[in-house]
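Structure record follows, encoded as structure tokens.
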Amino acid sequence: MADATSVKSKSADVESNVSIDADLARKVLRKIDWRLLPIMFITYNFNFIDKTILSSASVFGLKADTDLVGQQYNWVSSVFYFGYLGWAYPTTHLIQRLPVGKYVSINTIIWGTLVALTAACKNFGGLVTVRFLLGVAEATITPAFVYVTSMWYTRDEIPIKTGAWFAGNSFGGLVASLAAYGIGRIEEPLSPWQWLFIIFGLATGLWGAIILFILPDSIESCGFLNEEETKCAQDRVILAGMGKASKETSEWKREQVFECFLDPKTWFFFAISICTQIPNSGTQNFGNLVLTGFGFTNLETTLVGLPSSVIAFLTILLSGWIAGRVRNISTFLIIPIVACPVVGSALIYSDVSNGVKLFGYYLLSTGPGALPLSMSLMSANYKGVTKKMTMTALLFTAYCTGNIAGPQFFKSSESPHYQTAFRTIMICYALVVVEALGLRFYLIWVNKRRDILEGDVMDEELDEDVTDLKTVGMRYRL
């Protein structure tokens with residue numbers, strides 16, 4: 001085994017001499033990856049499936065069987081995010097205070113149960129009620145995974161690790177499409193849309209029960225690392241300037257909440273989240289309806305939509321890998337990711353053949369890659385447990401706001417072309433380009449200002465629960 005050496009913490013942009021065994025650190029990282037990433041990937045897979053099967057259900061009889069008319073389907077889509085929005089801030093507080101593994105497990109079981117119960121809904125009121133409660137249950141998952149990622153990984157590792165579990169989102173779309181094609185052929189004794197909710201709801205609940213036994217609550221309490229490995233896992237994160245997330249730092253600090261609200265970069269992240277989610281929610285819930293407008297049958301839409309999931313999956317993985325390998329490139333990566341949907345929505349909006357519009361539809365698929373980049377950048381640039389969890393809550397408040405608004409631009413009177421919706425998508429993604437560049441220039445300015453004021457001074461207390469603004473030597477990632 002390699003000798004313990006003094007390591008300079010470049011990843012945190014804070015210099016600190018810490019004795020760490022490089023071979024042991026690599027071994028520990030592998031063990032962490034093999035335990036955490038599959039759990040988060042599979043959970044996020046179910047998380048996305050259970051949100052998006054509404055789109056498949058819409059072409060398999062849901063609207064007719066529940067007598068949805070006018071904009072009612074739009075509200076069934078949007079109401080999920082009212083529940084999510086209402087619970088977004090309280091759940092971040094609970095994530096910090098409760099055993100996170102058990103909390104995720106319980107929420108997963110509840111959301112799986114609600115998905116299965118959707119099959120029993122007979123009208124608009126029933127669907128709205130279940131979808132609202134489903135939003136409450138699912139509101140915990142992404143903030144919890146952001147918290148877990150920042151607890152276990154260094155700043156350099158966060159982009160690729162976030163991309164790895166967030167890719168479960170797009171892989172879930174692939175699974176949902178294939179399953180919908182098979183389940184769509186079942187006609188008795190229930191409708192195909194009911195079988196979709198029952199099968200995936202039960203599978204989610206079962207997975208939630210499994211999580212209870214395999215997802216650790218913290219580094220200190222994990223059972224898959226020995227004492228030496230546990231100490232190494234803690235030192236890796238402290239060395240990287242992420243601070244120590246544990247029971248000792250779980251006190252909710254009001255001053256960190258205020259600092260988060262007054263921090264200008266908070267509102268750049270907030271704006272990026274809203275502008276990426278208005279397009280995302282619309283295409284997520286209306287994708288199959290848009291494809292039927294291109295002349296495909298209900299069953300054909302489930303297969304024609306498969307390339308979209310593959311493109312999104314590869315975009316998220318590749319952009320996360322690049323961001324993890326090349327420092328300070330995340331804000332630049334966001335630009336081409338959202339430029340493709342601008343072109344795609346313009347093609348769908350224009351008077352061209354259905355084949356060209358389908359190509360435009362596939363170009364929309366890179367858009368979801370912007371959110372995990374924004375999330376990983378946020379996680380790497382916020383320090384202080386309360387401040388980071390407050391920012392996470394604000395990020396998902398924006399996420400919900402965008403997802404509530406998105407479906408409302410798909411006006412039933414404009415079906416199946418939805419001109420207003422695709423015009424809105426063009427505008428939103430164009431704004432994301434401006435916001436990403438604005439964030440980059442602001443962070444560059446802050447870093448240069450800190451270089452002048454602080455020089456080479458380093459912070460000696462890397463493991464204290466202090467915020468990024470108060471951490472001497474902290475330099476922001478771009």
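Cβ atoms are placed via backbone N, Cα and C, with glycine included.
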Which listed span TrEMBL calls transmembrane segment, if the choices are 21-40, 261-280, 361-380: 361-380
Cβ pairs under 8 Å between the transmembrane segment (303-322) and the transmembrane segment (329-349), at least three: yes
Recorded stretch, among 132-153, 195-215, 361-380, maximising Cβ pairs under 8 Å relative to the transmembrane segment (102-120): 195-215
Contact call for the transmembrane segment (361-380) and the transmembrane segment (195-215): at least 3 Cβ pairs under 8 Å, seq gap 6+: no
Top partner of the transmembrane segment (132-153) among 73-90, 165-183, 195-215, 392-410, 422-443 - counted as Cβ pairs under 8 Å: 73-90
Distal contacts, the transmembrane segment (195-215) - CB-CB under 8 A, six or more residues away: 35-36, 39, 42-43, 46, 49-50, 53, 56-57, 60, 100-102, 104-119, 176, 179-180, 183, 186
Listed stretch, out of 73-90, 165-183, 329-349, 422-443, that has the most CB pairs under 8 angstroms to the transmembrane segment (392-410): 73-90
Contacting positions for the transmembrane segment (73-90) when only residues 6+ beyond its ends and CB under 8 Å are counted: 51, 54, 58, 63, 124, 127-128, 131-140, 143, 281, 285-286, 393, 396-397, 399-401, 403-408, 410, 412
